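Trainee: Below are the features I grabbed from Swiss-Prot:
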type: DOMAIN; residues: 144-345; note: domain 'ATP-grasp'
type: BINDING; residues: 172-227; note: ATP binding site
type: BINDING; residues: Asp299, Glu312; note: Mg(2+) 1 binding site
type: BINDING; residues: Glu312, Asn314; note: Mg(2+) 2 binding site
Amino acid sequence: MKKSVAIVFGGQSSEHEVSLQSARNVINAIDRESYALTLIGVDKLGRWLRFDEADYLLNANDPARIKLSGSGKQLSLLPGSVGGQFVEVESGKPLAAIDVVFPLIHGAFGEDGALQGLLRMLAVPFVGADVLASAACMDKDVTKRLLRDAGIAVAPFMVLNRGESLSFAQAAAQLSLPMFVKPANQGSSVGVSKVSDEAGFAAALALGFEFDHKLLIEQGIVGREVECAVLGNDEAQVSVCGEVVANDEFYAYDTKYLNGDQARIAIPAELPADLSDQVRDVALQAYKVLGCAGLSRVDFFVTEAREIIINEVNTLPGFTSISMYPKLWQATGLSYAELIHRLIVLALERADEARLLKRDIFA
């Protein structure tokens, strides 16, 4: 019997359009012999809408103009309703029971623990990390503190909260130039600036605070940008390493999703075998330290001196046509459809384990 999978996509973050691209690819690749799909789009106002597959997207082939169609039927969510957690508002009818949710909402409200907490309240199994790991990995400040305390190398950094003051001279006294200013809770390089002088610093702070109340100010690292994909729960596996060679100054949003020809992807990365193994080992260490489950992409800088420095850990990496996570697994021998299947199985296994835990001390 087919499992019922709800693909949840869109959302209210600045990565809404990226999410739509990810959803389109997963929907096209999933094994229809094994899974029956329910498509749930979340619009930029936060409304949950059920879509038919025939007309859920407009401008689907244009990453800059892709958007949800106007055909969705609004849903309400009912925690505690066994098998009927999703109800169409207009008809009052519940959707067919959902066995597992595959969340593809990137950024705020999607991979920061908010959606994961909601799905936990709805008692629906879901693909990917749980609440704590999602929240910790979304906040670059928290991620780096946890990794640093575990003895895993990260770039030197400072944190600036809205309302606090920090001059360029103060930052430059602690961090070598160039510096990168990043919103602490954004992904896909949204709001990120490379800074080499005082004027650029002021502009970078202004831009960053448009997207977050907390900024990470990080020392630039001269090194190769290497990424690994991790898959699994307690016994996770790591893919081959890949490398991003950007023609721009850094791997910005436009380069990632709009102008893909501005970067070259090398899979596998052209690293010595022993160094590649070390990178993969550190990826697995970070995955465990942060409590990840299901999947994550771990991004590194690897210097000429063979230093391995973690840049970030993404618990819900992109599944677009140019995204590294599925490409890394394809190069490791796992097809797109099989990867999706493995992720769903991992989600169901984790849910089965959770059901074994006692929640009532008097039962």
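Just so it is clear, glycine is given a Cβ too, placed from its N, Cα and C backbone atoms.
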Trainee: Let me know the DSSP-derived helix, strand or coil state of Ala172 (ATP binding site), please.
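Mentor: DSSP call for Ala172 (ATP binding site): helix.
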Trainee: Out of the binding-site residues Asp299, Glu312, Asn314, give me the one sitting nearest to Lys214 (ATP binding site) by CA distance.
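Mentor: Nearest in space to Lys214 (ATP binding site), counting only the binding-site residues, is Glu312.
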Trainee: How long is the line from the C-alpha of Ser193 (ATP binding site) to the C-alpha of Asp299 (Mg(2+) 1 binding site), rounded to the nearest angstrom?
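Mentor: Asp299 (Mg(2+) 1 binding site) has its Cα 18 Å from the Cα of Ser193 (ATP binding site).
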Trainee: Provide, as an integer number of angstrom, the distance between the C-alpha atoms of Gly200 (ATP binding site) and Glu312 (Mg(2+) 1 binding site).
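Mentor: About 24 Å separates the two Cα atoms.
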Trainee: May I ask for the distance between Met179 (ATP binding site) and Glu312 (Mg(2+) 1 binding site), taken between their Cα atoms and rounded to an integer number of Å?
Mentor: 16
Trainee: Over all shown protein chains, what is the count of other CB atoms within 10 A of the CB belonging to Gly200 (ATP binding site)?
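Mentor: Taking all protein chains shown, Gly200 (ATP binding site) has 16 Cβ neighbours within 10 Å.
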Trainee: Out of the binding-site residues listed (Ala172, Gln186, Leu207, Ile221, Asn314), which are within 10 Å of Asp299 (Mg(2+) 1 binding site), Cα to Cα?
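Mentor: Matched binding-site residues: Asn314, sequence order.
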Trainee: So which one is it: of the binding-site residues Asp299, Asn314, which has the fewest other Cβ atoms within 10 Å?
Mentor: Asp299
Trainee: I'd like the Cβ neighbour count for Ile221 (ATP binding site), meaning other Cβ atoms within 10 Å of its Cβ, all protein chains included.
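Mentor: Looking across every protein chain shown, the total is 21.
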Trainee: Using DSSP with the three-state reduction, classify Ile221 (ATP binding site) as helix, strand or coil.
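Mentor: Coil, per DSSP.
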Trainee: Does Ala172 (ATP binding site) have same-chain partners at least 6 apart in sequence with Cβ under 8 Å from its own Cβ, and which are they?
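Mentor: The answer is Met179.
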Trainee: Please report the distance from the Cα of Asn314 (Mg(2+) 2 binding site) to the Cα of Ile221 (ATP binding site), rounded to the nearest angstrom.
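Mentor: Rounded to a whole number, the Cα-Cα distance is 19 Å.
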Trainee: Within 10 Å of the Cβ of Met179 (ATP binding site), how many other Cβ atoms are there?
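Mentor: The answer is 26 other Cβ atoms.
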Trainee: Please work out the number of neighbouring Cβ atoms within 10 Å of the Cβ of Lys214 (ATP binding site), leaving out its own Cβ.
Mentor: 19
